[in-house]
Amino acid sequence: MFVLPPPPPRYTVPVAYAAGASNGMAVPIVETNNIITHPEKGCPLQVGEGTYQLQDDLHLATPPPHPSEAPIINPNPLATVPNPPTSGVKLSLISLGLRNKTAFPSKVQVTARPFGDGNSALAAAPVKDPSKKRKPKNNIIKSSSSFVSRVIIHEATTKRLNDRDPEGLFAFANINRAFQWLDLSSKHKDEPLSKILFTKAHMISHDVNEITKSSAHIDVIMGSSAGDIFWYEPISQKYARINKNGIINSSPVTHIKWIPGSENFFIAAHENGQLVVYDKEKEDALFIPELPEQSAESVKPSRWSLQVLKSVNSKNQKANPVAVWRLANQKITQFAFSPDHRHLAVVLEDGTLRLMDYLQEEVLDVFRSYYGGFTCVCWSPDGKYIVTGGQDDLVTIWSLPERKIIARCQGHDSWVSAVAFDPWRCDERTYRIGSVGDDCNLLLWDFSVGMLHRPKVHHQTSARHRTSLIAPSSQQPNRHRADSSGNRMRSDSQRTAADSESAPDQPVQHPVESRARTALLPPIMSKAVGEDPICWLGFQEDTIMTSSLEGHIRTWDRPRENISDNYGDQKSSETLGTGKEAGHPASSMGSL
């Protein structure tokens, strides 16, 4: 009997990629192109406002290891040697047009001064034509750098850029040692405009500068597992390496972001617990900490939790770094800027959420997880709430004005890998939160501000009462409100008057709230959207997008309705839904 041979293998398993073997046998590796599919059954997301239909599933090709990497044929599963840091697929999205970024009627005013304002040593050098953006110096196509293995440019890149809709989305995606530039508005979005293959380094995190973007210029920064930072301009195919060979900080970059409103400055979180501010146009120099000459008396009391190794106010700004802050000796997993550009929420593997005034180089508050480390963090569009995800499988909501935990959201069965607000489903009363995790699930949560003032029912009371969902503000002692100048608030329950007088600048340490005092918020929707862990979540005006560990980028179309007009008129009981919709019975809605 004639039997067709099996198709050539597609290499997608990250574990096998790292080890070069599976079950003690060498893995045959064949690199293929990206594959886009349109599942017949789809993966619909049923929510109160309608059904989100799966548009497509774009599967990125996983590159084979570089020839210089010797495969380990028989890895020892009990070996304690740590594997090189890697990351699942994450996306950085950007539109070059006037695409609406949010429908949320935000009243947030950016009053924060620019980072480094007042330090003449950081003043930008004058340029002849301000409209022309400075590009990196090196041509990546002609580069002989050992850091870059190969660059693949689409043969019709110029034509595709000229013919595309300026309102369409570009996406930058990492997958192992590859970095792809995709046009998601193209009919052939599975064909990358360019692909960079690095020799050994994996790009862990990346970000696009919204300030400098134009039809002729895009600034992209990438943080790598080697500690090197890659400044990349894809249209001209120019690049520059920052922190080359770890001259400033040799530990891997875990997260990287442009400072809001800045053309040159960005912050990189390193695995050794340091936040480093870089200038993309400055050269590197061997970093020597600029510790204060005096003893602890000259150091602000708040800095016991933030050691300033180099201040942004330093006059020594001829080379990178601009500033260096040490928060801990453990891994910084993520950070996020507040909408008013004043605060920085930082989460660490040590289980702390640290609220910083990064302009003043101070830690204001320290919150602790219920269990384990934090993995991700984001801000609400109005800056009133911070949401975190962690190794305790929980999504946690924190109130910034009240400086306290509002609710714990239970629904994941494994670590939460990403959280995000959906600004097109938020108004002044209700917020939509999304989360994804290692359990391959996508969860949606609706959080109603109006329910904060309802009296809390005892946790043994019937869970059908909606008042058990949110902890009341009256549960906490009185707190000082922040004035318009942005002064932070203190918790009377955590510090005595004597403490306030002796250490007025000491960060407020918030203990873990007990399960009996903290309310539980159930999801309105829970759905398994793949077979591998989900790593990233993004909301757009007309879509919801996720990306996974093995390279699946999935896009759902929103229900066909004017969501920004209709959503604010829905009742809070409808937005909260019932626990049964998400597969969680109503009887499980007691306190966590």
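Cβ coordinates are placed from backbone N, Cα and C, and glycine is handled just like the others.
According to Swiss-Prot:
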type	residues	note
REGION	119-140	region 'Disordered'
REPEAT	248-288	repeat 'WD 1'
REPEAT	327-368	repeat 'WD 2'
REPEAT	369-408	repeat 'WD 3'
REPEAT	411-455	repeat 'WD 4'
REGION	459-513	region 'Disordered'
COMPBIAS	484-499	compositional bias 'Polar residues'
REPEAT	529-566	repeat 'WD 5'
REGION	556-592	region 'Disordered'
COMPBIAS	564-576	compositional bias 'Polar residues'
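Across the repeat 'WD 1' (248-288), the prediction's mean pLDDT works out to 97. The helix, strand and coil residue counts that DSSP assigns across the repeat 'WD 1' (248-288) are 0 helix, 19 strand, 22 coil. Across the repeat 'WD 5' (529-566), DSSP assigns 4 helix, 18 strand, 16 coil. As a summary of secondary structure, the repeat 'WD 3' (369-408) carries 0 helix, 23 strand, 17 coil according to DSSP.
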